[in-house]
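Colleague: What follows is a structure written as structure tokens; I'll ask about it next.
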Ligand SMILES: O=C(O)[C@@H](CO)OP(=O)(O)O
Ligand SMILES: [Mg+2]
């Protein structure tokens, strides 16, 4: 009798609760308990510069708690709507479970139950499943051969919606493509980060950090930010472009108004803004540009892709929102060549993996990403290795919730030993 119980991987209980994210805002976590004793715990992050077409994040709206940002409704939806239909279902049937939840919601964008509620359960189910079989999460998702460690795109200067009163571009990232291992890539990143702090100090610039742990100096232009990065890379003893390249998340939807891009002291037409991006790409060793244009500016995305898509990575974040329908449209229109992957933009593990597959089949790269409001959950590190995406965006080199992802990758690399391959060494980072 006892024997049967220990082999039983079906769901015995689900517990949900309100916790805090890295910005001190409420978010949801779920625990899934299986009959065999395995427990999966998952926490859901939250964005600041959200795409309009993201799945719905359920918030309470009750102004007497957390200015209306509480997630007790989402918690209640887990308890009252999802749990009754999931008890007794085998946790190893991830796709079945995700489908049950998607159908229970029935809205198309998860607005009835909440993408945050559904994702918390979806991820917790996977973690419980992995524990039940006794394999790490990256092997549970990716099989025994998952061994590709991603190139990190490290956001060391924060602007846009992640830092008040400085640059309009949201993320200035360093990309240690030339390293030979993830461990080495991380060390290079840290060394550049320390040097950047020193350079900022010398110039009397602020070294406080933004939501993703990057510095938030008050700078007059994007070029100054990029120059600072080049100086920091060189001072750390590396060659810009060869050892460490640069990447941008422009997050252009945030400063688009009436068909114009209003950035810094300039108002650009889409054509002029594309020229500006190309100028930056020619002037600096930039290998990846995310959301260079507004999320609905499909025509200009087409021009941008036609002009520089063959030489650099053009990532759709707000544009594709991890949604296979929007990605299909992009593939068909020849818009972009890579997709940012955020689990909570779509709200379930199964749909996320389907979108990554769709990207891969169509020659698009996938860049697995954190959110600006994060938790100590490290599942994205495992997801990056499991899906062989070759790239991860997990923030800067300070703030515990960002470092947790990097430390998880260090552990995975260590565990894989000689089998670990760093994506930068096999041309699998940003192109
Ligand atoms: O735009 C982005 O790529 C993300 C993560 O860096 O930010 P947010 O979570 O605020 O949407
Ligand atoms: Mg983005």
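Cβ coordinates come from backbone N, Cα and C, glycine included.
So TrEMBL lists the following for this protein:
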- 11-141: domain 'Enolase N-terminal' (DOMAIN)
- 146-430: domain 'Enolase C-terminal TIM barrel' (DOMAIN)
- 162, 171, 290, 317, 369, 370, 371, 372, 393: substrate binding site (BINDING)
- 170, 342, 371, 372, 393: (2R)-2-phosphoglycerate binding site (BINDING)
- 212: active site, proton donor (ACT_SITE)
- 249, 290, 317: Mg(2+) binding site (BINDING)
Colleague: Using DSSP and three states only, what is residue 372 ((2R)-2-phosphoglycerate binding site)?
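Modeller: Looking at the DSSP assignment, residue 372 ((2R)-2-phosphoglycerate binding site) belongs to neither helix nor strand, so coil.
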Colleague: Identify, in sequence order, the residues in the chain of residue 342 ((2R)-2-phosphoglycerate binding site) that are 6 or more apart from it along the sequence and have a CB within less than 8 Å of its CB; answer 'none' if there are none.
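Modeller: For residue 342 ((2R)-2-phosphoglycerate binding site), the qualifying residues are 45, 47, 317, 321, 322, 369, 370, 371.
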Colleague: Does anything in the same chain, at least 6 positions from residue 393 (substrate binding site), have a Cβ under 8 Å from its Cβ, and if so what?
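Modeller: Residue 393 (substrate binding site) has long-range Cβ partners 152, 153, 155, 173, 249, 340, 367, 368, 369, 370.
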Colleague: So for residue 212 (active site, proton donor), how many other CB atoms are inside 10 Å of its CB?
Modeller: 31
Colleague: Using DSSP with the three-state reduction, classify residue 162 (substrate binding site) as helix, strand or coil.
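Modeller: Its secondary structure by DSSP: helix.
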Colleague: Taking 170, 369 as the binding-site residues to compare, which has the smallest set of other Cβ atoms within 10 Å?
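Modeller: Taking 170, 369 as the binding-site residues, the minimal 10 Å Cβ count falls on 369.
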Colleague: Taking only the Cα atoms, work out how far residue 372 ((2R)-2-phosphoglycerate binding site) lies from residue 162 (substrate binding site), in Å, as a whole number.
Modeller: 7
Colleague: Would you mind reading off the Cα separation of residue 170 ((2R)-2-phosphoglycerate binding site) from residue 162 (substrate binding site), to the nearest angstrom?
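Modeller: Distance between the two Cα atoms comes out at 7 Å.
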Colleague: For ligand 2, list the binding-site residues among 249, 317, 342, 369, 372 whose CB atom is within a distance below 6 Å of it, in sequence order.
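Modeller: Checked binding-site residues vs ligand 2; flagged 249, 317.
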Colleague: Quick one: largest C-alpha distance among 170, 342, 371, 372, 393, binding (2R)-2-phosphoglycerate per the record, in angstrom?
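Modeller: Max Cα-Cα spread across the (2R)-2-phosphoglycerate binders: 17 Å.
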Colleague: Looking only at C-alpha atoms, tell me how far residue 290 (substrate binding site) is from residue 212 (active site, proton donor), rounded to the nearest Å.
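Modeller: Answer for this pair: 16 Å between alpha carbons.
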Colleague: Can you name the residues of this chain that are 6 or more positions from residue 162 (substrate binding site) yet have a C-beta less than 8 Å from its C-beta?
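Modeller: Once residues fewer than 6 apart are set aside, residue 162 (substrate binding site) is near 48, 49, 170, 171, 210, 211, 212, 214, 372.
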Colleague: Reduced to three states, what secondary structure does DSSP give residue 249 (Mg(2+) binding site)?
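Modeller: The three-state answer is strand.
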Colleague: What mean pLDDT does the predicted model reach across the domain 'Enolase C-terminal TIM barrel' (146-430)?
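Modeller: That region's mean pLDDT is 96.
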Colleague: Residue counts in helix (H, G, I), strand (E, B) and coil for the domain 'Enolase N-terminal' (11-141), per DSSP?
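Modeller: The domain 'Enolase N-terminal' (11-141) comes out at 54 helix, 26 strand, 51 coil.
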